[in-house]
Amino acid sequence: MLENNRNSFDIAYPFFGGYLHTKLFSIIMKHDICDMLETEENGLHYKEISKITKINENSIYRVMRYFIPFKLFTEKENGVFCKTEISTMFSGTFKALAKRYSNDYNYKLYDNIEESIMKNVNMGPEALGVEKYWDSFQKYPEYCKLYMDSMKSYSKLQIENILQNVDFSPYKSIADIGGSHGLLIKEILDNYQSIAGINFDLKCVLDKSPLKETPRLSLVNGSFFDQVPKANCFILKNILHDWDDEHCIKILQTVIKSMDQDSKIMIIDYIIEPKQYKTQQLFTDIIMLHCYNGKERTKEDWDQLFEKANLKRDKIISNVEAGCQILSLK
Ligand SMILES: C[S@@+](CC[C@H](N)C(=O)[O-])C[C@H]1O[C@@H](n2cnc3c(N)ncnc32)[C@H](O)[C@@H]1O
C-alpha cells in the first residue's frame, strides 16, 4: 500500500510540482554545481559547495538531497555528493539547454502561457516586454547569449547526423539562413574543401558570434523577409517551425528570389508523426506557439506549406537525432 502511494506520488508530482522542481534545478545550473562534482566516486562535501557558491550550508544540503531520488546526485557518505550519469549530461551535452530553459528569463517568458493557450496566439513576447521574441535579444543581451549557446549545443547533437546523411558535394555555395552561431556551415566547409559558405542572420546575432570570416566563409547580416544572398543550396535549420504558414511562405519567397535554376532548399526541422509522438517535438511545439506563433508540422502540413509556396518536395532524407531533413525543389 505504502509502495503504491509512493508510486502514485511519483507519477502525480511532475504534473503539479514541475515549477518547484525546475526552480530548484535552476539554482544547481546557475552555480554550475554539476561541474564541481568531479566523478561518480569522488564527491564534494556540501559545506565545500556552500563555500564556493555562497549558498547557505543547510539549504544547499537540502536542495542536493532533494535531487537524489531523481538520480542527479548520489550521497556517498554523510554530506558528500557525487556525480551521476545525469549530472554528467548537465555538465556536458545538455548544459547550455538546461541553463537556458531553467533560467529566470524563461519563467518570465512563460508567466502568461495561459493567455497564449486561451487565444492560440503567441503572448510570450509580451511577457518579456517586447513586440517580437527576437527583439528580446537586443533588450536582454545575456538572454541572447544563453539562447545562442543552447542552439549551438542543440546543433552539435544534429550536425554529425546531418553530415552522415546528406551529400553536400553537388553544391558550390551554401547559405545557412538563420545560421546563428554558424556551427553547421563551419562543419560543412571543414568537410568539403571546394564549397564556399555564407552564415546569414540578424545583425545583433552575428555581432555576438565568435565566428570570423575566412576566404571561404562570409558572414552576412539581414532579414530573411527582405533579401538573402545568392547560393546553390539554402539551409533552413530549425527556422520554419518558428513561424506560421503565412510568414514561412514569405521567407521561402525571399529565398526563391535568390535561387538559380539548380538551387535547392534544405529544410531541417521536425516531422510530427501522429502515431509516434515524441516528447521533445511536442515540447517545442508548445514553445513555438507561445513564443513565435510557429508550430511543429506533420508531413501533410509541410506538403501543404510547400504547395502554397510553389515548391515541390524532392525527398525526405531521414529521421535524424533531434530533427528531420526535407529536401525541396524549386
Ligand atoms: C531557432 S534559431 C535556429 C538557429 C540555427 N539555424 C540552428 O539550427 O541552430 C532561429 C534563428 O533565426 C534567426 N532569425 C530570426 N528572425 C530572422 C530574420 N528576420 N532574418 C534572419 N534571421 C532571423 C534568429 O536570430 C535565430 O538565429
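Just so you know, glycine gets a Cβ as well, placed from its N, Cα and C.
Fair warning: this is a prediction, and the values are worked out from it, not measured in the lab.
Look at TrEMBL and you will find 124-309 tagged as domain 'O-methyltransferase C-terminal'.
Long-range Cβ neighbours of His241 (active site, proton acceptor) (same chain, at least 6 residues apart, Cβ-Cβ under 8 Å): Asp269, Tyr270, Thr284, Met288, Gly294, Lys295, Glu296, Arg297. The DSSP secondary structure for His241 (active site, proton acceptor) is helix. The active site, proton acceptor annotation in TrEMBL covers His241.
Mean pLDDT for the domain 'O-methyltransferase C-terminal' (124-309) in this predicted model: 93.
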